[in-house]
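These notes concern the structure reproduced below.
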């Protein structure tokens, strides 16, 4: 059974990766920054929870090369779930993997769009370029890799688009970006994590791009809103934000506030997630494992109805 280390294992998608790794009985490690007096109680509690489940947590900085090398010599698979602001720091992981010499697979922090095939507005493009640089460094070092394009984190974007969780300042207006007809892919985070752990250990996925594009999870904003209204019994006022407004905001807002609007434009206006055909060498994840199945969008919305969905959060860009 492969030993798996997850960088960013206490972050948003990283938490799902850790739990998925444990669910498949992999010895699981996390490399995380040391806690500080400013660390939140939830951060402390999460680490205690993971330790109680058998996770080995190594605290260290990305610049601690010798420490990382010694840790990597104890594991087989490296998964990076680092957030946007730390994308470039993955070069330290690459250098440590090269020095350790034993790693069977490295999965860099992709998990969103397929960055080598799209060209979004400049603020988001600058983020993707950092990811491309990491990919090229992996290839130049001849490291065994798998690139995962998981598309949209399902619960994250349901929270963002539909704001289903009740709170005092809740606004029942729903913003529709562009016409609302553009198709995108919505995958539940728990499924993304399970498939990622599987592909990380699957010889068929070595040095390949794996795209999570299950046909049943391709949907438009208008379809998603209609499904949610029918399921929740609620009715919403729809406010359209046209293409031109998103482009203007991407130009006028300061960094990093201009990045989220550029992402919204890429997904919901340009349709970048569905803008390319699968290549012969691509692997579509839903065809790989008969014992696994992606949660349908209907099933994802049921999690919100029952109160079992992840709470709202926002990605970090600085």
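Just so it is clear, glycine is given a Cβ too, placed from its N, Cα and C backbone atoms.
Feature annotations, courtesy of Swiss-Prot:
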BINDING   10-13, 32-43, 47, 83-86, 109-111, 131, 151-153  NADP(+) binding site
SITE      84  site 'Confers substrate specificity'
SITE      87  site 'Confers substrate specificity'
ACT_SITE  131  active site, proton donor/acceptor
BINDING   260  substrate binding site
SITE      263  site 'Required for activity'
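Rounded to a whole number, the C-alpha distance linking residue 84 (site 'Confers substrate specificity') with residue 10 (NADP(+) binding site) is 15 angstrom. For the residue listed as 'substrate binding site', the nearest of the binding-site residues 10, 32, 36, 47 in terms of C-alpha separation is 10. Cα distances from residue 87 (site 'Confers substrate specificity') to the binding-site residues 10, 32, 40, 47, 131 are smallest for 131. DSSP gives residue 131 (NADP(+) binding site) a helix state. For residue 263 (site 'Required for activity'), the nearest neighbour among the listed binding-site residues (10, 40, 86), judged by C-alpha distance, is 86. Taking the Cβ of residue 10 (NADP(+) binding site) as reference, residues of its chain lying under 8 Å away and at least six apart in sequence are, in sequence order, 30, 32, 43, 46, 47, 50. If you take the C-beta of residue 40 (NADP(+) binding site) and look for same-chain residues 6 or more apart in sequence within under 8 angstroms, you find none. Secondary structure at residue 40 (NADP(+) binding site), as computed by DSSP, is coil.
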